[in-house]
Amino acid sequence: MMKPNMKVNIGGVELKNPVMPASGTFGSGREYGEFVDLNKLGAVVVKGISSTPWKGNPTPRVAETYGGMLNSVGLQNPGMEEFIEKDIPFLRSYDTKIIVNISGKTVEEYCAVAERLSSEDIDILELNISCPNVKEGGVTFGTDRRMVEHVTKEVKRYAKQPLIVKLSPNVTDIVEIAKAAVAGGADSLSLINTLIGMAIDIHKRKPVLANGIGGLSGPAVKPVAVRMVYQVAQAVEVPIIGMGGITTGEDAIEFILAGATAVAVGTANFMNPRATLDVVEEIEGYLQQYNIKNIKEIVKKVCI
Amino acid sequence: MMKPNMKVNIGGVELKNPVMPASGTFGSGREYGEFVDLNKLGAVVVKGISSTPWKGNPTPRVAETYGGMLNSVGLQNPGMEEFIEKDIPFLRSYDTKIIVNISGKTVEEYCAVAERLSSEDIDILELNISCPNVKEGGVTFGTDRRMVEHVTKEVKRYAKQPLIVKLSPNVTDIVEIAKAAVAGGADSLSLINTLIGMAIDIHKRKPVLANGIGGLSGPAVKPVAVRMVYQVAQAVEVPIIGMGGITTGEDAIEFILAGATAVAVGTANFMNPRATLDVVEEIEGYLQQYNIKNIKEIVKKVCI
Amino acid sequence: MMNMVKAKIMKNEEISPQIYEMIFLSKEIGEQGFPGKFVNLYCEDGRHLLPRPISICEIDKNNHTIRLIYAIVGEGTKQISHLRVGDKVKVLGPLGNGFTVEKGNGKNIVIGGGIGVPPLLELVKHLKGSTTVYLGFRCNPILIEEFKKYVDYVYVATEDGSYGHKGNVLELIKQHNPIGDRVYSCGPKPMLKAIGEWAKEQDLPAELSLEERMACGIGACLVCTCKTQGKEDWEYKRVCKDGPVFSRDEVIWE
Amino acid sequence: MMNMVKAKIMKNEEISPQIYEMIFLSKEIGEQGFPGKFVNLYCEDGRHLLPRPISICEIDKNNHTIRLIYAIVGEGTKQISHLRVGDKVKVLGPLGNGFTVEKGNGKNIVIGGGIGVPPLLELVKHLKGSTTVYLGFRCNPILIEEFKKYVDYVYVATEDGSYGHKGNVLELIKQHNPIGDRVYSCGPKPMLKAIGEWAKEQDLPAELSLEERMACGIGACLVCTCKTQGKEDWEYKRVCKDGPVFSRDEVIWE
Ligand SMILES: Cc1cc2nc3c(=O)[nH]c(=O)nc-3n(C[C@H](O)[C@H](O)[C@H](O)COP(=O)(O)OP(=O)(O)OC[C@H]3O[C@@H](n4cnc5c(N)ncnc54)[C@H](O)[C@@H]3O)c2cc1C
Ligand SMILES: Cc1cc2nc3c(=O)[nH]c(=O)nc-3n(C[C@H](O)[C@H](O)[C@H](O)COP(=O)(O)OP(=O)(O)OC[C@H]3O[C@@H](n4cnc5c(N)ncnc54)[C@H](O)[C@@H]3O)c2cc1C
Ligand SMILES: Cc1cc2nc3c(=O)[nH]c(=O)nc-3n(C[C@H](O)[C@H](O)[C@H](O)COP(=O)(O)O)c2cc1C
Ligand SMILES: Cc1cc2nc3c(=O)[nH]c(=O)nc-3n(C[C@H](O)[C@H](O)[C@H](O)COP(=O)(O)O)c2cc1C
Ligand code: FES
Ligand code: FES
């Protein structure tokens with residue numbers, strides 16, 4: 001059978017297929033590279049990078065929940081200089097696109113990272129204004145429409161690469177936030193980041209996470225993510241990268257039908273180190289089963 | 001071993017224990033009464049009641065999701081007159097408290113139901129301003145702090161019984177909404193109602209629910225619910241009824257430690273018709289295990 | 001009276017491609033079972049929370065066993081098919097109203113389609129008078145010999161023509177134009193709708209067993225409704241509790 | 001090289017109250033296994049998504065089998081204990097850095113506590129020189145006779161006094177005041193901290209195997225960090241990849 005055309009376009013960058021890891025769940029690809037041929041992924045999305053090294057939150061940073069997990073990593077990262085030195089050359093040795101997720105505590109820090117990265121050999125930037133695990137920056141930027149537009153616009157001034165804005169699901173009206181990001185100049189939107197959650201150890205009578213609260217991800221959140229992708233796709237024109245609980249190609253197809261041009265696989269990597277590649281193959285299988293020649297034919301093709 | 005004291009107080013009404021079904025999952029108690037001795041529950045919470053009969057949404061109205069479910073019943077109910085005539089006498093024949101969940105499309109309708117019920121023999125009213133499955137009323141009232149305060153205040157003018165306000169989790173800032181309900185005169189808060197979600201049948205390429213979107217409930221949402229109960233308990237003084245994914249006594253204890261005075265069991269009834277009673281017994285078991293004489297000793301006792 | 005039991009599995013085998021037969025032991029459900037009623041099976045795999053409704057195919061009151069025939073259509077039924085003899089399965093039942101078994105004689109026309117065929121087996125064992133059975137399948141017909149044990153006339157249609165009439169069961173019925181006093185039917189929605197219309201033309205009373213996605217299975221949650229004709233206006237009735245068997249006049253087809 | 005395998009279970013039995021022994025077959029993991037490394041076991045029950053890290057207790061390179069000893073502490077380990085001989089278990093491994101097995105001779109002091117004891121068994125098989133083993137348990141000691149096969153001195157402390165010294169293992173060590181060249185230890189955090197401090201007082205190098213809640217198990221997600229001394233400032237290292245074995249000087253105890 002003929003292989004379907006899996007190419008998709010995010011902000012002018014062509015990916016060989018729509019599948020990438022979700023930021024923060026895949027390091028910079030080194031570890032999962034032992035299980036997955038990185039050349040076969042549409043892109044590698046690296047963990048959140050800030051201007052200076054961040055230590056992140058105290059441990060425990062993870063709690064398992066029903067069909068999901070909470071994390072409170074808090075954007076631990078070695079800072080942009082070490083990242084540029086060590087990880088970009090590693091990733092460039094593969095035939096895949098590089099998407100760098102950027103973090104900041106202030107608008108200035110986001111801009112500084114974008115500016116520094118603008119001269120580096122990377123393909124796309126992803127602006128994380130939705131991390132629930134940091135006090136400053138993160139989710140506080142992502143839940144107010146004016147701030148979303150403002151920070152997007154500012155970062156856009158420095159970014160040479162196309163800019164994805166990553167949205168938080170912890171909002172009353174995701175469409176309003178999405179429109180604000182697009183108004184600020186976002187070339188693409190990715191959603192969802194984690195839902196804010198909490199788990200309590202009833203025997204110790206304290207939260208499982210040292211940080212108290214954390215971000216909920218995994219299959220449990222998928223219905224919320226699909227709904228938000230659907231709503232946003234009805235309202236904006238830019239391509240959407242859908243994520244939240246994708247573990248199989250079938251899950252990915254759900255997001256694509258809802259309106260996602262590409263998809264990211266996060267928590268599923270922890271359940272199955274080959275998850276990203278399995279999703280690529282299963283999407284292909286679905287397209288072949290229904291004799292669909294080009295994946296673009298099914299983007300946003302859910303009929304209501 | 002001595003039985004622990006399980007009595008709790010919601011707005012001046014004493015419940016023999018903190019466990020009740022979640023509105024809409026238990027009918028008016030008739031069906032589950034075959035499995036559970038209703039006399040053993042702290043209260044029975046009946047499905048949402050409006051002034052006139054509501055037909056609800058088209059079928060299918062349910063989709064199973066990973067560790068949860070979506071429903072789009074849309075508050076089908078026979079209207080308050082039929083409810084008063086048929087269900088109140090039935091429920092009054094049991095030694096338990098009656099909590100009536102009220103729905104409306106307009107502030108006037110909510111008030112009309114509250115007024116009509118004020119002269120009836122029921123113990124508590126629960127104001128549902130958080131149903132995601134109706135176009136008018138429901139969640140549109142529950143996501144704006146001014147509307148929450150307004151509708152609470154209006155209904156409070158007509159209600160003779162204590163008033164619980166049921167909050168929607170589909171908001172950026174649950175604490176702000178909770179404070180608005182308390183400012184409007186709520187005697188108690190219940191949370192969470194369902195998260196808005198969607199599931200797509202990838203073979204038919206259409207939503208599983210005829211209504212497109214629906215409300216997500218079940219164990220999958222528990223971490224979000226526990227977090228919201230915790231945050232609200234830190235901010236308001238009125239008693240909280242916690243719910244969202246409770247299937248066991250251990251789950252219930254998590255909510256109580258987070259700050260809930262009482263708990264409601266919803267989706268778990270569908271998995272186990274005896275769930276409400278099992279939760280009562282398991283809470284008792286936990287208290288005995290730790291030699292806690294009175295359940296009130298552990299309310300909000302999570303240490304951060 | 002409904003029962004929640006952990007029933008011992010006596011048999012759980014593939015009897016036709018993707019079609020399984022399960023027999024489990026339950027005195028309570030056996031005693032209260034009735035043609036057209038169903039049970040809820042629970043997957044208990046942690047991930048699939050909602051029960052799977054499956055019709056009762058046969059009841060052996062002496063041995064206290066219940067027989068089910070089910071198709072693997074998704075994850076839940078696949079999980080259930082992995083249960084082994086001796087394992088326990090969580091079952092709630094019997095649920096629903098069941099067929100009205102006429103006390104008097106007369107001619108019964110029983111029509112089944114696909115996975116709607118099994119519940120009619122217990123039904124025909126209870127029917128008085130004479131009974132003609134029409135069964136339609138896409139391919140791989142099941143239970144035909146068993147129906148023949150209880151009724152004289154069993155006509156079969158298969159869409160692939162591998163057995164009996166090639167085509168659908170309604171064509172076969174229209175060809176035969178059987179004479180009768182009442183109709184009983186279970187099968188996919190489009191077939192039931194057509195049977196309902198045919199019965200109306202023939203002026204025959206008909207009982208149709210419907211399917212809908214369910215949660216509680218006992219009438220409490222209102223997710224399984226179907227549109228029916230009420231006294232004045234149409235109304236939503238619960239397939240699990242007011243049904244699954246409805247009279248042809250009640251159902252409003254969409 | 002890590003491997004993701006579906007390994008056949010050869011044994012999965014309770015060997016002491018709430019303590020299980022599992023033996024599974026995997027050539028790849030067997031060949032690359034090493035003392036102090038661990039594997040990830042997956043529950044595959046639909047509900048528990050994250051793997052359970054369990055240390056390698058013994059490796060049989062000839063028969064390609066891996067032996068684990070694990071305690072039932074929650075739902076995941078309970079699920080795993082239900083696996084039967086012949087079933088397949090999903091395993092990722094070997095993971096982590098393992099102990100540094102000194103090439104030279106000298107005196108090794110090996111100290112284990114509770115469920116931290118099993119990984120030390122494979123270790124003592126690899127150690128050169130002379131080895132003294134101290135094991136502490138709350139009650140019901142395990143593996144003592146097996147340690148005795150490989151080392152001359154095995155001292156045991158139990159908190160309930162049911163075997164050996166009544167009290168904790170650190171008291172026993174302080175009583176004995178053993179002379180040695182290096183320390184290896186695995187056990188609960190408070191014990192490791194005390195061992196680390198004791199080793200520092202004695203000016204002995206010590207390798208401590210830590211535990212932390214994990215997700216990926218391979219170094220990608222940064223949830224399993226522990227505070228360590230970096231070149232200038234303290235830093236978070238990954239227990240799964242940079243550990244689980246750390247030198248006593250590295251770890252900053254909270
Ligand atoms: C009253 C009644 C009697 C039934 N009797 C039989 C029978 O005797 N034999 C048989 O093979 N099947 C029968 N069915 C259909 C059977 O319930 C579904 O095939 C089964 O629930 C599918 O589960 P799944 O997990 O394999 O599929 P999935 O598609 O993975 O299930 C997802 C969800 O949809 C629901 N669902 C999917 N298909 C149906 C359907 N056709 N009807 C109702 N719910 C559905 C499931 O219960 C589950 O909640 C009956 C249904 C009803 C309502
Ligand atoms: C490197 C390493 C090696 C280990 N070796 C062994 C061993 O050889 N034998 C043994 O019995 N146990 C060992 N453990 C501990 C074992 O991983 C936990 O007891 C187990 O994960 C508990 O799972 P559960 O589902 O039964 O408990 P639950 O409490 O239900 O688990 C909930 C979550 O917390 C995590 N968790 C709970 N307790 C621990 C813990 N102590 N350490 C790490 N994560 C935990 C689980 O992995 C899971 O994600 C080791 C842990 C680590 C990190
Ligand atoms: C351990 C962990 C770390 C994460 N770190 C980041 C991050 O650094 N930047 C970011 O934008 N999102 C981060 N996320 C969010 C994921 O990229 C993703 O949006 C979310 O987990 C939902 O997808 P999933 O359900 O497939 O995991 C992290 C998620 C997890 C589980
Ligand atoms: C089928 C169904 C119907 C519901 N109907 C109502 C309702 O009428 N009024 C209401 O306030 N909440 C309603 N809810 C929400 C529940 O009361 C509860 O808030 C929610 O399901 C979370 O709890 P759970 O996870 O334990 O189910 C309904 C939920 C379900 C699943
Ligand atoms: S399934 Fe709950 S009312 Fe029918
Ligand atoms: S568990 Fe993921 S980095 Fe250690």
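Residue 1 is the first one shown; counting continues down the chain.
Quick reminder: no glycine exception, Cβ is built from N, Cα and C everywhere.
TrEMBL: automatically predicted annotations, no manual curation.
Going by TrEMBL, these are the annotated features:
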| type | residues | note |
| --- | --- | --- |
| BINDING | D:ARG52, D:PRO53, D:ILE54, D:SER55, D:GLY76, D:THR77 | FAD binding site |
| BINDING | D:CYS216, D:CYS221, D:CYS224, D:CYS240 | [2Fe-2S] cluster binding site |
| DOMAIN | D:2-101 | domain 'FAD-binding FR-type' |
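Features per TrEMBL, on structure.
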residue	record	DSSP class
D:ARG52	FAD binding site	strand
D:GLY76	FAD binding site	helix
D:CYS216	[2Fe-2S] cluster binding site	coil
D:CYS221	[2Fe-2S] cluster binding site	coil
D:CYS240	[2Fe-2S] cluster binding site	coil
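D:SER55 (FAD binding site) sits 11 Å from D:CYS240 ([2Fe-2S] cluster binding site), taking the C-alpha atoms as the reference points. Here the CA atom of D:PRO53 (FAD binding site) lies 9 Å from the CA atom of D:CYS240 ([2Fe-2S] cluster binding site). For ligand 2, the binding-site residues lying close by, meaning a CB under 6 A from one of its atoms, are D:PRO53, D:SER55; the full candidate list was D:PRO53, D:SER55, D:CYS216, D:CYS221, D:CYS224, D:CYS240.
D:CYS240 ([2Fe-2S] cluster binding site) is surrounded by 27 other CB atoms, counting those within 10 A of its CB over all protein chains shown. In this structure the alpha carbons, written CA, of D:GLY76 (FAD binding site) and D:CYS221 ([2Fe-2S] cluster binding site) are 20 Å apart. Apart from D:ARG52, D:PRO53, D:ILE54, D:SER55, D:GLY76, D:THR77, the residues listed for FAD, the same chain places the Cβ atoms of D:ASN40, D:LEU41, D:PRO51, D:LEU68, D:TYR70, D:ILE80 within 8 Å of the centroid of those Cβ atoms. Counting only same-chain residues six or more apart in sequence, the Cβ atoms lying under 8 angstroms from the Cβ of D:CYS216 ([2Fe-2S] cluster binding site) belong to D:VAL223, D:CYS240. Within 10 Å of the C-beta of D:ILE54 (FAD binding site) there are 24 other C-beta atoms, taking all protein chains into account. Figure note: comparing Cβ neighbours within 10 Å for the binding-site residues D:SER55, D:THR77, the maximum is reached by D:SER55. Annotated pair D:CYS224 ([2Fe-2S] cluster binding site) and D:ILE54 (FAD binding site), C-alpha to C-alpha distance, rounded: 14 Å. Spanning the listed FAD site, residues D:ARG52, D:PRO53, D:ILE54, D:SER55, D:GLY76, D:THR77 have a farthest Cα to Cα distance of 15 Å. Across the fold, the C-alpha of D:ARG52 (FAD binding site) and the C-alpha of D:CYS221 ([2Fe-2S] cluster binding site) stand 15 Å from each other.
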